[in-house]
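What TrEMBL records for this protein:
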- 1-41: signal peptide (SIGNAL)
- 30-84: domain 'DUF4124' (DOMAIN)
- 95-193: domain 'Transglycosylase SLT' (DOMAIN)
Amino acid sequence: MTTPTSTRSTTTAPSHVTGLAKHLAASLLCAALCAPLATHADTLYSFVDEHGVMHFSDSPVTDTRYRRIAGSPPRAASTGKPQPRLAPAALRPHIEHAARQTGLDPALLHAVAQVESAFNPRAQSPKGALGLMQLMPATAKRYGVTNPLDPATNLLGGARYLSDLLRLFDDDLELALAAYNAGENAVMKYDRQIPPYRETRAYVPRVLARYALVRNTR
């Protein structure tokens, strides 16, 4: 299993992970983006602004542009059928399988799935991203995910995409996560830096915080 590094850290890979966990535990985990799992972390809200940028929040907001997306895909809302969220324990075999196939840390996949969909296998974004890892249709097709609502195949497709992004950005986890959120072309456009998109700037530390939290509780 490889451990992603970051060009914004001067430590070596093993101590990078430990240092990251300590740093995030002391700062990011107490930020609004890192709300405790027992509160509103299982519900996602989003809106697309006038520039076409999608914004997410996992806590109740006063901005009326936000709409709940996790657990209430548009078609499902009309049927009245509850949309199940999977407990982390139920997802563990799928996460560990995807991690073995790609060499990624299971805790990282856990964190990405939690932030992307709050473990809702039927989560759907306004732009059409689907499933646990919120795969866009083109990404799902690229990685052979024929049923993006299937937890196992969605996780594996997302893991393969993230693994490819890590290779593309020389194991820089921050850039890989930024690319997962905004697209690799956006990261390239801004000279291999995190794009200046508010959503992406929030997404990266949020995933890193979840990652540190999961690693510390495993």
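Glycine is no exception: its Cβ is also placed from the backbone N, Cα and C atoms.
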Helix-strand-coil residue split for the domain 'Transglycosylase SLT' (95-193), DSSP-based: 60 helix, 4 strand, 35 coil
Confidence summary (mean pLDDT) of the domain 'Transglycosylase SLT' (95-193): 97
